[in-house]
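Feature list (source: Swiss-Prot):
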type	residues	note
ACT_SITE	Y95	active site, charge relay system
ACT_SITE	E135	active site, charge relay system
BINDING	H85	heme b binding site
BINDING	Y188, R204, Q205, Y206, S207, F394, F395, G396, P397	FAD binding site
BINDING	G273, V274, G275, I276, T277, P278	NADP(+) binding site
DOMAIN	1-136	domain 'Globin'
DOMAIN	150-260	domain 'FAD-binding FR-type'
REGION	147-402	region 'Reductase'
SITE	Y29	site 'Involved in heme-bound ligand stabilization and O-O bond activation'
SITE	K84	site 'Influences the redox potential of the prosthetic heme and FAD groups'
SITE	E393	site 'Influences the redox potential of the prosthetic heme and FAD groups'
Amino acid sequence: MLSEKTIEIVKSTVPLLQEKGVEITTRFYEILFSEHPELLNIFNHTNQKKGRQQQALANAVYAAATYIDNLEAIIPVVKQIGHKHRSLGIKAEHYPIVGTCLLRAIKEVAGAPDEVLNAWGEAYGVIADAFISIEAEMYEEAAHKEGGWKDFRNFVVVKKVKESDVITSFYLKPEDGGKVSSFIPGQYVTVQINIEGETYTHNRQYSLSDAPGKEYYRISVKKEKGVDTPDGKVSNYLHDHVKEGDMLPVSAPAGDFVLNMDSTLPVVLISGGVGITPMMSMLNTLIEQDSKRNVCFVHAAINSNTHAMKEHVEAVDNEYEQVKAYTCYSAPTEKDLEMKNFDKEGFVEREWLQTIIPTTEAEFYFCGPVPFMKHINAVLTDLGVKQEHIHYEFFGPAASLQ
């Protein structure tokens, strides 16, 4: 239990964290990887280079300071981060290392006096204990489920399917021939990649793109091509070099962006680009479980060349009366225009969305590029959708949709 004095000191640093949070977390990662380079086998190098992880950590530290007198308020965030940590294999022994490096960064960047550093040291201990406790439960749950396991398990690529010009699916079965654990639609796995010539292992988290209950897991990966940045190292490696019969270490499913199976409300699934992957798991689960809930499936893509799983969604739309699917192309091809195989040209605008969603009294799930998600979140909020019915997933470190 933290003393009132400690709480007061930590809360007094909130303005400082608001101003210098990213500077502190940037320095923190420099210290961490300089002194513990083995941790580069866990963290996403691309997110480091683009500053995403630094921003996400700064947001988390700021929230911890703000709610240090009521940590229950940030337990949902702790659980969300905990899912990622468990999926990546972060353990209790990593927390003291992180704490030491974080305090050094606060001292170096902010020139914090000993009183502040001591208070933050105490606060970090309490916060770390919360993470360790929650993550320990997650490790136990993942390991003790039927077909479950701890850390990483070798899977074989039994099938590789090109879904569009940019997205390819990988069907994965356990190398040991055992069962795979069930999961909740919307969850993801971490795939571990060792690229020849690279010093460190690469970990990437991919949504499971089919319903649970199969003998395999399916992930569907976009080949990331950079415009002003390098191409996605791991996604390009998977597309170009990983073939059927190859082996990939995979973590047990994790994540809290999940379909609410207890709700009876209609479901609206909105995706942009590769954000379609968790939506496919949700859609397939609803139809395979013979759910009577109305489903509105909205997908935005550049055109039919980049549109993955198009034929499958159209088949579901035709076969199941309760499912209505809509497609929006920002730059349709001449063939698209001739075939009229989409519903709207341009973007998913408020006026159009309002005409196709059955009701605002529904469970809304969306995923895609961050600008797309910010727009959808603003539209749904403007339409009066209740916050508890708005669910979304970031592909990468959490960011703000405001």
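Our numbering is plain: 1 for the first residue shown, then up by one each step along the chain.
Every residue gets a Cβ built from N, Cα and C, even glycine.
Feature map: Swiss-Prot annotations on the structure.
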{"residue": "Y29", "record": "site 'Involved in heme-bound ligand stabilization and O-O bond activation'", "DSSP (3 states)": "helix"}
{"residue": "K84", "record": "site 'Influences the redox potential of the prosthetic heme and FAD groups'", "DSSP (3 states)": "helix"}
{"residue": "E135", "record": "active site, charge relay system", "DSSP (3 states)": "helix"}
{"residue": "Y188", "record": "FAD binding site", "DSSP (3 states)": "strand"}
{"residue": "Q205", "record": "FAD binding site", "DSSP (3 states)": "strand"}
{"residue": "G273", "record": "NADP(+) binding site", "DSSP (3 states)": "helix"}
{"residue": "P278", "record": "NADP(+) binding site", "DSSP (3 states)": "helix"}
{"residue": "E393", "record": "site 'Influences the redox potential of the prosthetic heme and FAD groups'", "DSSP (3 states)": "strand"}
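Here the C-alpha separation of Q205 (FAD binding site) and I276 (NADP(+) binding site) works out to 15 Å.
Candidate binding-site residues: Q205, S207, T277. Fewest other C-beta atoms within 10 angstroms, Q205. In this structure, the C-alpha atom of E135 (active site, charge relay system) lies 21 angstrom from that of F395 (FAD binding site). Just so you know, of the binding-site residues G275, P278, the Cβ with the fewest other Cβ atoms around it within 10 Å is the one at G275. The Cβ neighbour count for V274 (NADP(+) binding site), using a 10 Å radius and every protein chain shown, is 27. The Cβ centroid of G273, V274, G275, I276, T277, P278 marks the NADP(+) site; residues of that chain outside this set whose Cβ lies within 8 Å of it are S207, S209, S220, K222, S271, G272, M279, M280, A308, C367, G368, F395, given in sequence order. Close to E393 (site 'Influences the redox potential of the prosthetic heme and FAD groups'), meaning Cα to Cα within 10 A, are none of the recorded positions out of H85, Y95, G273, V274, I276, T277.
Between the CA atoms of I276 (NADP(+) binding site) and F395 (FAD binding site) there is a gap of 11 Å, rounded to the nearest whole number. Among the recorded positions Y95, G273, G275, the ones whose Cα sits within 10 Å of the Cα of F395 (FAD binding site) are G275. Spatial neighbours are here defined as Cα atoms within 10 angstroms of one another, and by that definition the neighbours of P278 (NADP(+) binding site) among the recorded positions K84, Y188, S207 are Y188, S207. H85 (heme b binding site) sits 16 Å from Y29 (site 'Involved in heme-bound ligand stabilization and O-O bond activation'), taking the Cα positions as reference. Using a 10 angstroms CA-CA radius around G275 (NADP(+) binding site), the recorded positions that qualify from Y29, K84, Y95, Y188, S207 are S207.
Put simply, Y188 is the one of the binding-site residues Y188, G273, V274, T277 whose Cα lies nearest to the Cα of Y95 (active site, charge relay system).
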